[in-house]
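Listed in TrEMBL for this protein:
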TRANSMEM  12-33  transmembrane segment
TRANSMEM  45-68  transmembrane segment
TRANSMEM  75-100  transmembrane segment
TRANSMEM  180-200  transmembrane segment
Amino acid sequence: MVCGGFTCSKNALCSLNVVYMLVGLLLIGVAAWGKGFGLVSSIHIIGGVIAVGVFLLLIAIVGLIGAIHHHQVMLFFYMVILFIVFLFQFGVSCSCLAMNRGQQEVLLKSAWGMLDNKIKTDLESQLNCCGLLNVTDSTVADVQQFNKDLQNCTAPCTKKGECVTCGEIMLNHATEALKILGGVGLFFSFTEILGVWLAVRYRNQKDPRANPSAFL
């Protein structure tokens with residue numbers, strides 16, 4: 001049996017879908033880890049990565065079942081949806097890699113301003129930090145808000161008198177999470193084109209164990 005045969009194509013497609021399932025779980029896990037650090041969840045791109053991970057996991061299951069049973073309809077929808085996932089994942093991955101620290105700070109400031117004091121104090125206690133960001137180019141309103149947050153802060157670090165800002169902690173984790181998500185997502189988005197090609201090829205091949213007069 002040469003590698004271009006039915007069995008080889010089937011095994012290759014099954015293996016590729018198992019890899020997609022692992023990648024989907026990896027994307028979900030890393031994005032959930034990123035969302036676990038407070039305001040990182042306000043970055044909608046990470047939410048988009050979780051959606052891609054869940055969708056990739058589901059379509060990989062469909063592709064695996066379709067490959068095992070050589071199901072024509074499932075393979076057709078698998079090809080179409082996988083190509084759509086490729087376009088979406090490619091765009092989200094590029095956005096993750098392109099987002100710089102300044103853009104992240106803008107999103108964090110916007111989200112921080114919408115939180116009430118109780119949520120802020122809970123977040124500060126969880127991360128052991130006080131305030132969002134204390135930068136020199138802040139506006140008067142930002143400085144006033146930062147000083148107010150410092151007064152209301154009840155984090156354990158206040159007892160020692162040495163507290164880092166919550167923004168620094170969250171930005172460090174957000175930057176790390178975005179790099180991992182963007183790199184992994186971009187690399188494996190190109191393998192989805194390989195998956196589409198394999199599915200097209202495998203779908204048009206004849207199962208040697210099937211009835212010779214059956215519809216291909």
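Using the three backbone atoms N, Cα and C, a Cβ is placed for every residue, glycine included.
Note: TrEMBL annotation is automatic and uncurated.
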Q) Between the transmembrane segment (12-33) and the transmembrane segment (75-100), are there at least three Cβ pairs closer than 8 Å, leaving out pairs fewer than 6 positions apart? A) no
Q: Take the transmembrane segment (180-200) and find every residue of the same chain, 6 or more past its ends, with a Cβ under 8 Å from one of its Cβ atoms.
A: 9, 12-13, 16-17, 19-20, 23, 26-27, 30-31, 34, 46, 49, 52, 63, 66-67, 75, 78-79, 82-83, 85-86, 89-90, 92-97
Q) Cβ under 8 Å to the transmembrane segment (45-68), counting only same-chain residues 6 or more beyond its ends: which ones? A) 10, 13-14, 16-18, 20-21, 23-28, 30-32, 34-35, 74-75, 77-78, 81-82, 85, 88-89, 92, 95-96, 99, 174, 177-178, 181, 185, 195, 199, 202
